[in-house]
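The block underneath contains the structure these notes are about, expressed in structure tokens.
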């Protein structure tokens, strides 16, 4: 079944989980590209997966139906999936993958409102939720807009952009992504490779879907699950996400948690739950980037949980 979305770092994901048996959790099922390839590669693997996009779930159910009872799919926020699994399900988990990105289909579909060319202003991953990008743009204070542009878009002119948006919406409600992009400006500035509109849209999307909160909650739920002999791979697409993953994995590998200025260890020096398998983030090859330019910002980090 042909997927409308190209899975990033697919070969690298297959390498990371080669020879895996037991249960595999795909926290971001999407259109089933990673999961389908892993099930095909690893014949003794069972899949538990989730997504919150109804369209993606329905597509993946059909795509993966030939794997029969090896597949179980939930509609859920990825941060909640591990919490709802039974003890029996968790004890056999040997791999976890989360691809923290927007699918190509979501970006390209006009009605989803993710693109700067969209006629809508939506950006919801889960369309059952009421809160959308239009609510952020038309109801947030100027200060709050500036804060999310600065924090999530890392825009140096966040205050100026927020002021432009508030001035525009005072004349009339902003209802489309195209309109918002024209207000912000789509030209590249200060030598940056992307326009302020792209970065601002990223910030709005992160806010609408609480993406960083979701990622933090997912990582905490993984640690709290007391897993053993389990590989965890996280694919992220911008520096804020990658920083969270990098720092979390570093903390998981830290045996001593005494203060840096402590003269001697008093914590027992046994707090590490595993080891980092990727000293540097894995990135897409030039061949993959040529075939799928959206993969250029993807970074994957892998951690092996040994348990304590």
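Using the three backbone atoms N, Cα and C, a Cβ is placed for every residue, glycine included.
Annotation comment: Swiss-Prot describes 32, 33, 34, 51, 78, 99, 106 as S-adenosyl-L-methionine binding site, evidence class sequence analysis.
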Q.
Using a 10 Å radius around its CB, how many other CB atoms surround residue 34 (S-adenosyl-L-methionine binding site)?
A. 25
Q: Counting other Cβ atoms within 10 Å, pick out the least crowded of the binding-site residues 51, 99.
A: 99
Q) If you draw a 10 Å sphere around the Cβ of residue 33 (S-adenosyl-L-methionine binding site), how many other Cβ atoms fall inside it, taking every protein chain shown into account? A) 21
